[in-house]
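Student: Among the features that TrEMBL reports, transmembrane segment is placed at A:21-40, A:93-115, A:122-139, A:151-174, A:195-218, A:262-284. Taken from TrEMBL, the feature domain 'ABC transmembrane type-1' applies to A:87-279.
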Amino acid sequence: MNAAEPQGRRPRHLTAGRIGIYAFLITAALFFMLPLWIMVVTSLKPMEEIRLGNILALPAAMTFEAWTKAWSSACTGLECNGISVGFWNSVRILIPSVILSIIAGAINGYALSFWRVRGANVMFGILLLGAFIPYQVFLYPLVRIFSLTGIYNSLTCIVLVHVIFGLPTMTLLFRNYYAGLPIELFKAARIDGGGFWTIFLRVILPMSTPILVVATILQVTGIWNDFIFGLTFAGRENLPMTVQLNNIVNSTQGERAYNVDMAATMLAALVPLVVYFVSGRWFVRGIAAGAVKG
Amino acid sequence: MSTVSVRDVTVAFEAVQVFDGLSLDIDEGEFIVLLGPSGCGKSTLLNAIAGLLDVADGQIWINGKNVTWEEPKDRGIAMVFQSYALYPRMSVRENMSFGLKMAKTPKPEIEKRVNRAAELLQITPLLDRRPDQLSGGQRQRVAIGRALVRDAAVFLFDEPLSNLDAKLRNELRVEIKRLHARLGKTTMVYVTHDQIEAMTLADRIVVMKEQKIQQIGSPDEIYHRPANLFVAGFVGSPQMNFIMGRIENTGEGLSFLAGDRRLSLSGYQFATAPSAGQEVVLGVRPEHLEITGTGIWPGFTVDIVEPMGADTVIWCSDGLGSLQVRTTGSRKASPGESLTLQVDSTQVSLFAADTGERL
């Protein structure tokens with residue numbers, strides 16, 4: 001009897017090595033899911049249950065009390081209005097910052113890759129350098145500059161800071177994307193009589209959808225998660241959610257309300273989380289494209 | 001009067017000089033082809049004429065006007081690119097009317113011109129499609145249409161057919177030629193590395209190599225009287241045969257001598273007089289070698305036979321060098337067969353071995 005002649009689809013075998021790989025992957029996935037699991041179950045437990053110390057156990061009496069408390073009545077220092085104040089502050093910071101920084105980055109990237117701006121390479125080099133210098137270096141000088149101009153501790157101030165610090169990454173992102181577009185398209189538009197703005201708005205921008213999505217993802221998550229700029233520049237009235245969260249977690253009278261802390265943390269992480277889940281494949285491209293961002 | 005005049009133009013990228021004092025005059029209604037291998041500067045020259053590239057020195061005149069400092073849109077030119085460069089987010093109609101809208105042309109006029117161009121290029125049914133719904137050939141037609149509506153005096157083509165497959169390339173080539181004939185007084189400057197396009201389309205061909213013009217002439221001149229070894233080798237497929245040898249004076253006139261093979265040069269028109277004993281290269285086109293029993297060069301053996309349908313190319317050698325012979329498609333030959341070749345001295349080219357210039 002001959003062995004079967006190879007024909008058609010190659011048969012797949014489940015080898016011991018393959019089982020080992022899957023076992024390892026599943027264990028690793030469970031391990032990394034553990035903190036999230038603990039956060040979710042803890043936030044759904046009343047304090048009596050938490051005191052028992054079974055941190056992995058499912059809640060016996062499930063309650064959303066901690067979530068409502070975290071949202072509307074947890075204490076951030078002296079005031080007890082919950083994290084919702086910070087949420088709306090963050091939204092007010094986020095929207096203008098994201099829009100303005102993307103516009104600035106897109107125009108910069110367009111000018112640098114299509115127009116022969118004198119000293120374009122030097123400019124780009126300086127911008128790139130800006131992406132690698134730690135933010136902390138700029139904090140004190142910026143505080144001085146802003147208080148001199150009188151806009152320190154305001155919404156304008158924090159938005160301006162986000163736009164400035166978003167510039168290197170956004171410019172890099174858009175420049176690299178535009179460098180991949182055929183230069184002949186730009187030449188054709190110039191022969192057709194388009195000027196700087198017409199070509200940008202009518203020809204280049206309509207082709208920029210993928211990179212606009214990537215830029216939005218990067219900026220939304222980056223600015224939402226920002227702590228130090230918000231703390232330094234936003235002023236007491238505009239403190240973003242991240243700063244409020246820190247205040248809730250760190251200002252405790254008496255017993256530490258773990259369930260509220262967990263709920264507040266998850267509320268603060270909600271926006272980036274939604275962005276991750278909704279944007280899916282775009283997000284991966286964003287990470288690849290923005291590989292320089294720390 | 002010439003429509004396009006390039007006068008002493010120097011182009012420099014950063015510190016590297018691309019052209020140094022290049023001049024070229026193009027007559028009204030003329031079809032000029034800039035031909036050369038990649039990197040020879042033909043596209044750079046076209047971009048300089050279009051105004052997409054600043055010149056470091058010299059002047060560019062179009063239609064009797066010095067346009068050296070003018071914007072591309074003000075030069076009275078239209079351009080077609082290799083990659084079509086259609087605006088991807090606009091319909092064919094919007095693509096074609098974009099330039100006119102920029103120039104604030106009245107709507108009915110735009111409509112009229114777009115429809116006329118679409119009819120001329122038979123793309124009327126495609127007007128409301130997007131570029132990504134078109135095939136390569138259709139896209140290039142649209143790109144030509146977009147150039148057409150500008151009613152420009154000068155058309156610039158930057159390798160417009162290089163992205164197309166062979167069959168479409170032939171079709172569109174004929175169409176461009178027809179278009180030029182129909183437009184009458186429109187000057188066309190066409191960049192290509194494809195010698196067939198150059199030979200079939202051009203009134204005059206400008207052969208370029210390493211940023212220098214090698215020869216300017218009609219396709220016939222370029223093919224039959226190449227100015228130097230480069231032009232001779234670049235134009236023509238299969239390539240011209242080159243045979244190293246020297247000039248000898250035998251008393252009854254000059255002749256070419258390579259080994260024991262001899263060719264009387266009594267019928268050859270010298271461009272510059274050679275000296276006896278001078279080292280030369282003899283260039284013979286494959287179709288100017290004839291296989292006959294009574295030829296002057298016996299002793300060749302068939303090496304490889306390439307049947308191409310209409311004609312057959314036979315590679316043969318005599319142990320010293322190998323020659324390509326182009327003969328009719330009906331001529332059968334098999335490797336190993338021995339041949340005798342006849343050479344017509346009025347059809348050959350002679351080049352100085354040291355400079356490569358035509359003698």
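First residue shown is number 1, and so on along the chain.
Quick reminder: no glycine exception, Cβ is built from N, Cα and C everywhere.
A quick note: this is a predicted structure, and the numbers were derived from the prediction, not measured.
Have a look at these and tell me how they're positioned relative to everything else.
Tutor: Cβ atoms under 8 Å from those of the transmembrane segment (A:21-40) belong to residues 55-56, 262, 265-266 of the same chain, restricted to positions at least 6 beyond its ends.
Within the same chain, residues 92-93, 96-97, 100-102, 104-106, 108-110, 112-113, 124, 127-128, 130-131, 135, 142-143, 208, 211, 214-215, 218-219, 222-223, 226, 229-230, 233-236, 238, 240, 289-290, 292-293 sit at least 6 positions outside the transmembrane segment (A:151-174) and bring their C-beta atoms closer than 8 Å to a C-beta of that stretch.
Residues 39-40, 42-43, 66-67, 69-71, 74, 82-83, 86-87, 90, 94, 210, 213-214, 217, 220-221, 224-225, 241-242, 244-245, 248-249 of the same chain lie 6+ residues outside the transmembrane segment (A:262-284) yet bring a C-beta within less than 8 angstroms of a C-beta in it.
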